[in-house]
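If you check TrEMBL, you get these features:
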ACT_SITE  D76  active site, nucleophile
ACT_SITE  D78  active site, proton donor
BINDING   D76, D363  Mg(2+) binding site
BINDING   D78  GMP binding site
Amino acid sequence: MYTLLNGTVNKNLSQHKLKLYFNLFRNYSSREFLNDVYSRTKLKCKSKKLPQDVNPKGVFACNELDLSEVKVYGFDYDYTLAHYKPSLEHLLYNLGRNMLLEKYKYPAEISKLEYKPHFAVRGLHYDIEKGLLLKLDSFLQIQFGAVYRGLTPVSTEEVLKIYKNRIIPIAYVEGDNRAHKENRAKMVHLADLFSVPEMGLLCNVAEYFIRNHIDYHPEILFLDVKNSVQSCHPIMHKIVAQNVDEYIRPNSDLKKYFQLLRDHDKKLFLVTNSPYHFVNAGMEMLVGSDWRDYFDVVIVNANKPKFFTEVSRPIRVFDKNANTHIWEKVTSLEKGIIYYEGTVKQLQELTGWCGHQVLYFGDHPYSDLADVTLEHGWRTGAIINELTHEIKTLNTQTFKENANWLQMLTQIIEDHQDHKEPEAVEVIAQWMAERDQLRNDTKSVFNKQFGSVFRTYHNPTYFSRRLFRFADIYTSNIRNLLNYSLTHTFYPRRGVMPHEYGSYFV
Ligand SMILES: [Mg+2]
């Protein structure tokens with residue numbers, strides 16, 4: 001049937017028998033044998049059909065969601081309805097850098113530091129004590145090779161020296177406010193797309209300090225950069241409102257989607273932290289001057305997440321002509337009127353909209369999605385712009401081949417790692433080196449420094465674990481919803497648990 005010692009195996013031998021065969025000869029660990037295992041596995045990998053492309057315009061479900069139950073559609077504005085061109089990152093970076101110079105009196109040479117697009121990705125952590133920008137996975141493990149001081153990668157040896165471990169204690173990452181403990185978190189999670197240029201500025205300035213041997217305090221630098229960039233938001237709002245075409249990506253499908261919702265008697269509302277004049281300029285460009293007609297309620301300067309967590313902040317009427325809010329008490333919400341601040345409690349009381357009949361779309365897993373789903377039982381949709389780039393990368397043939405081979409190579413390492421004979425140890429070390437290279441290749445195609453927003457090698461990132469917890473569905477753009485009917489049910493994929501079959505019907 002088959003010969004064992006020369007390693008040739010009947011090609012009809014089933015996977016199951018092959019495994020038995022390996023197990024029977026587990027002690028057999030010559031170089032020839034292991035090389036043969038490697039070649040056969042490689043051949044099998046090459047013969048495997050590559051997975052079909054993922055639709056970059058797909059809507060993906062974390063939790064079952066039946067749209068026929070949804071009567072009310074709510075939207076955030078920035079990065080949910082309005083997607084910005086890279087020019088906005090440059091603008092925020094430049095404004096923040098100028099503020100560092102003017103208000104905080106940073107060294108004049110900083111004015112020469114240009115923005116480096118694609119340096120950082122959203123979802124990273126900044127260690128305010130140690131001054132490191134790093135990527136954590138859902139187990140709070142550091143992703144080695146994705147730790148930066150300024151623009152310089154920090155070696156794995158140094159990272160281990162600094163943290164003494166690859167897993168960071170939860171109190172260090174998130175703080176600890178259990179009884180009798182008031183430990184402040186030492187890390188900040190940068191989950192907002194507006195924080196990408198902020199990270200760019202932070203790393204550029206830190207790099208400048210390091211190269212010029214200037215002693216600096218990482219927390220002070222972090223706070224100065226954050227305050228500089230955030231205090232520039234009103235200036236940014238003005239500039240963008242005057243040049244919407246330069247900063248906002250057009251999206252003619254938005255109007256179609258709003259019209260479809262209205263035609264099916266759905267209620268629509270907008271809750272945004274941005275000011276009216278900025279939202280109005282963007283919405284006029286995206287939807288038209290009649291954009292307010294699509295919305296039953298519009299709330300600006302909402303101050304999320306407080307809008308979703310506080311109970312006693314009165315909702316006010318905003319006078320768009322006088323550009324101010326007025327003092328009168330609000331007892332009902334009317335279409336066409338712009339509201340200001342308030343709380344979700346009032347919104348629910350005045351409209352009667354609550355629970356699973358509301359679907360709210362936002363791009364921020366915490367300030368848009370966490371509280372509404374955990375506290376109010378709303379359904380949630382995350383708009384994650386980065387999905388377009390991530391899915392296009394997943395769909396390349398090289399990525400598919402590498403990802404496939406990485407899985408299979410890992411499997412043969414797992415199966416043969418217990419051989420301790422010197423020949424076997426040497427071969428397995430080569431496999432491990434190849435695996436490390438493959439892991440780096442499959443990581444750096446997403447972003448050279450930090451890899452994918454969603455993955456740290458095999459684990460989900462800290463960011464994506466939270467996203468999957470707080471979002472029922474997620475997609476790259478609101479317009480993708482137009483490809484589904486308003487009675488569509490999104491079903492999550494039945495994921496494979498570690499103790500279950502590797503695939504169905506094996
Ligand atoms: Mg937003």
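Quick reminder: no glycine exception, Cβ is built from N, Cα and C everywhere.
Annotations in TrEMBL come from automatic prediction, not curation.
Quantities reported herein were computed from a predicted structural model and do not represent experimental measurements.
All protein chains shown were included, and the count of other CB atoms within 10 Å of the CB of D78 (active site, proton donor) stands at 21.
In this structure the alpha carbons, written CA, of the residue listed as 'active site, nucleophile' and D363 (Mg(2+) binding site) are 8 Å apart. Here the CA atom of the residue listed as 'active site, proton donor' lies 8 Å from the CA atom of D363 (Mg(2+) binding site). Under the three-state DSSP scheme, the residue listed as 'active site, nucleophile' falls in the coil class. Its own atom aside, the Cβ of the residue listed as 'active site, nucleophile' has 24 Cβ atoms within 10 angstroms in the protein chains shown. Around D363 (Mg(2+) binding site), a 10 Å sphere centred on its CB holds 26 further CB atoms from the protein chains shown.
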